[in-house]
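J.: Dropping a structure here in structure tokens format, bear with me for questions.
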Amino acid sequence: MYRGLLWLCFLPSLLFGQRTDSLRIDFRPLLNGVALELEEEGGASAGAREVEVLRFYLSELQLLEGEEVVFAEEDHHHLIDAAQVASLQLPLTLPPGLRYDGLRFTLGVDSLTAASGVFGGDLDPTNGMYWTWRSGYINFKLEGTSPDCPARKQRFQFHVGGFQAPFNSERRVTLAIKPARSISIIIDLDSFFAATDLSQQYQVMSPGELSMKVADRLTRMFRVE
Amino acid sequence: MRQGVILLVVVMMSGLAFTLSSPPGIAYPDHFPTTAYDFRAHPLDSAKVQLGRRLFYDEILSADGTISCASCHSPYNAFAHTDHDLSHGINDQIGTRNAPALFNLAWSTSFHHDGAHHSIELQPLAPISHPAEMGSSIGDIVRRLSEHAQYRQAFSESFGDSLVTGERVLKALAQFQLTLVSAGAKYDRVQAGKDTFSVQEQKGYQLFQTYCNDCHFEPLFTTGGFARNGLRVDTTLNDFGRMMITALPEDSLLFKIPSLRNLSYTHPYMHDGRFRKLRQVLKHYASRDVRPMPISANEQSDIVAFLLTLDDRDFVFNRNHGFPH
């Protein structure tokens, strides 16, 4: 009798256990061609470019086959923080045998969510990713030091956000991928710095024309390994 | 057994009565439009309202424990800051704008004189974080409240467990502020057919409808939009209003249209508090550089007489949203 009940308990897992596939997305930030190590002391080594903060929102994650969306994560906002190793991995549970050849996501909090009220979890304002002086999430924070940056203590600070036209900084990123157990996505900081003259552009704190340009540049850091 | 059944029935009926007598939102008269805030999605909850009320009046929100929301939004001034053209925060620092009165916020879709915030739930982040206001942060507030046994208890009663989060603090503050409804002025009694205007008030009402109602739209006495009211820039402040938020040149000198309710309690006036008397405001509109209004001194008096019918004494002295005891 009891053994029967026990067996019954396992029945669902026997029936449904194999009915999902998994896909793990690993984000790998690269600086100077090697895995990013966050500089926490604040520009310790002289002469080198350092990154202290790399933190961004990722939402509306989708898998595509051609132009068709075959998988979509609803109402999910991930706060990805290079300082929190666990946040660099996104495990997805997919229907078995799902065919896909593309990955698409929004860099930032979608404007509908940004236009609504307060939320908890990754969207809680205690995460320091909501502007206080005005409405809106900071979609992307990139901070550090660089010898060519003329600001105080050679600091560059890019706080890219804004959800209202004409300065909406949310961006879609689409990458070609192949079905696998896991895929690695490079966040190529070198490509950002190659395209950014830190002696001229080193500070973005509000939505505007410069934040729009920087938002475009940030999307180009993402590529499949 | 029978007593138990009767008790059960009584409990069920009282539950039903509570449901019927407690709409998900706030009470307001028939001549008011429906609220902009979605009370169906976010119904009011009395425990959360009381928690928000307590937070609103508590200096624990500021960095040095000296400033509460009510420091600059006093209930006796319709939640404005009487006699202060610019409000002051921690360490006696002076800000750059006149603290706006707080009422009928459930109808508002933007907050601050420049509309910097669009959500009543997230707006408190601004005064909490501003170095010249509370000089704190939502993270620090969560830490301070988490160490406070009575607050943990209050969060437990409001949210089911004692965890303090930024979301919960802000939700509670919003819930309290949404209950601040000013709809009991003489004007409202006239609208309901329970009172009549004097001859002068009636004349003032007609002039108001001709010259003021486009922006200060009845019955909330604001469209909720932004307007350029012809004030010259105070060069000690250089406040260009909405442009500082949108970065769009066409928004230069646009300021949010304030409600005209409770003016007797909310002086001084305008975004920088430059006018101490209502008569000075009327004089400005009659003499400004662009589109001065052809209103004589007598007509200005009539308009003021009408505006005083928008004072809501019951709201200002309502103990339900006063300092918690």
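One-based numbering along the chain as shown.
Yeah, the Cβs are placed from backbone N, Cα and C, and that goes for glycine too.
When I checked TrEMBL for this same protein, it listed these features:
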- B:Cys69, B:Cys72, B:His73: heme c 1 binding site (BINDING)
- B:199-311: domain 'Cytochrome c' (DOMAIN)
- B:Cys212, B:Cys215, B:His216: heme c 2 binding site (BINDING)
J.: Take the C-alpha atoms of B:Cys69 (heme c 1 binding site) and B:His216 (heme c 2 binding site) and report the distance between them in angstrom, rounded.
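T.: Distance between the two Cα atoms comes out at 26 Å.
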J.: Cα-Cα separation of B:Cys215 (heme c 2 binding site) and B:Cys72 (heme c 1 binding site), in Å?
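T.: A Cα-Cα distance of 26 Å.
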J.: Compute the mean position of the Cβ atoms of B:Cys212, B:Cys215, B:His216, which form the recorded heme c 2 site, and then list in sequence order the other residues of that chain whose Cβ is within 8 Å of it.
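T.: Close Cβ neighbours, site residues excluded: B:Phe208, B:Tyr211, B:Asn213, B:Asp214, B:Phe217, B:Phe221, B:Thr222, B:Ile257, B:Leu260.
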J.: Fewest other Cβ atoms within 10 Å: which of the binding-site residues B:Cys69, B:Cys72, B:Cys212, B:Cys215 wins that one? Let me know.
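T.: Per-residue Cβ counts within 10 Å for the binding-site residues B:Cys69, B:Cys72, B:Cys212, B:Cys215 bottom out at B:Cys215.
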J.: What average pLDDT is reported by the model for the domain 'Cytochrome c' (B:199-311)?
T.: 96
J.: For the recorded heme c 1 site, whose residues are B:Cys69, B:Cys72, B:His73, find every other residue on that chain with a C-beta no more than 8 angstroms from the centre of their C-beta atoms, and list them by sequence position.
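T.: Those within range, site residues removed, are B:Phe56, B:Ser68, B:Ala70, B:Ser71, B:Ser74, B:Phe79, B:His81, B:Ser87, B:Ala99, B:Leu102, B:Pro127.
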J.: Within the domain 'Cytochrome c' (B:199-311), count helix residues (DSSP H, G, I), strand residues (E, B) and coil residues, in that order.
T.: 47 helix, 8 strand, 58 coil
J.: Among all the protein chains here, how many other CB atoms are within 10 A of the CB of B:His216 (heme c 2 binding site)?
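T.: If we count other Cβ atoms within 10 Å of B:His216 (heme c 2 binding site), we arrive at 20.
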